[in-house]
Amino acid sequence: MKLIAGLGNPGKKYERTRHNVGFMVVDELSFRHQTPWKKSKFNGMTSEIIVGGEKMILVKPLTFMNASGECIRPLMDYYNIPIEDVVIVYDDLDLPVGKIRLRQKGSAGGHNGMKSIIQHVKTQEFNRIRVGVSRPLKGEVINYVLGDFPKAEQPDIIAAIQKSADAIEDFAQTPFIEVMNKYNQK
């Protein structure tokens, strides 16, 4: 069993923002597999998919970004999912829009959702997919990440969401290091 957490903020006003690209990836997986979202007792929405016989629990924390770990850790404990079977999907300002990077460990890199998860799981050594949203040319980062993708960037971000979902489906049957090597080369 795997736990796939897409990071974002709950609520309609955040739905299409850069900061919610993690939610968009797990929504894509739920859509592909036609599985419903249900409110969990761990302050998140969950959906279960089966890929190649492997159950994957998709989760969208409802804690708001900065407290994502408060949802992830209890789900790991409840389902008895080891850290190596967890993937966190989140937005990354340091990658161009539409690029993805898979990693098995690393710092939070200034991302508050990742800081919360690292604090709650007590390690930086877990799988992650960083989805590029680029940096603003000028202005505040907060307003930028809470803004929607402009029309010109939508084809690139849709492709990144698809590619991230493909990588997660591959992870159902393939060690993450191999998935990482495959998708980081593209």
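Placement of Cβ uses the backbone N, Cα and C atoms for every residue, glycine included.
Swiss-Prot lists Tyr14, Phe64, Asn66 as binding tRNA, and of Asn43, Asn112, Asn127 the one it places in that same site is Asn112. Considering only the recorded positions Asn9, Phe64, Asn66, Asn112, the residue whose Cα is spatially closest to the Cα of His19 (active site, proton acceptor) is Asn9.
Cβ neighbour count for Asn9 (site 'Discriminates between blocked and unblocked aminoacyl-tRNA') (all protein chains, 10 Å cutoff from its Cβ): 22.
Sequence-distant contacts (6 or more apart, same chain, Cβ under 8 Å) of Asn66 (tRNA binding site) comprise Asn112, Gly113, Lys115, Ser116. Taking the mean position of the Cβ atoms of Tyr14, Phe64, Asn66, Asn112 as the tRNA site, the remaining residues of that chain whose Cβ falls within 8 Å of it are Asn9, His19, Thr63, Met65, Ala67, Ser68, Gly113. Of the residues the record lists as binding tRNA, namely Tyr14, Phe64, Asn66, Asn112, the two whose Cα atoms sit farthest apart are 16 Å from each other. For Phe64 (tRNA binding site), the same-chain residues that are 6 or more apart in sequence and have a Cβ closer than 8 Å to its Cβ are Asn9, Pro10.
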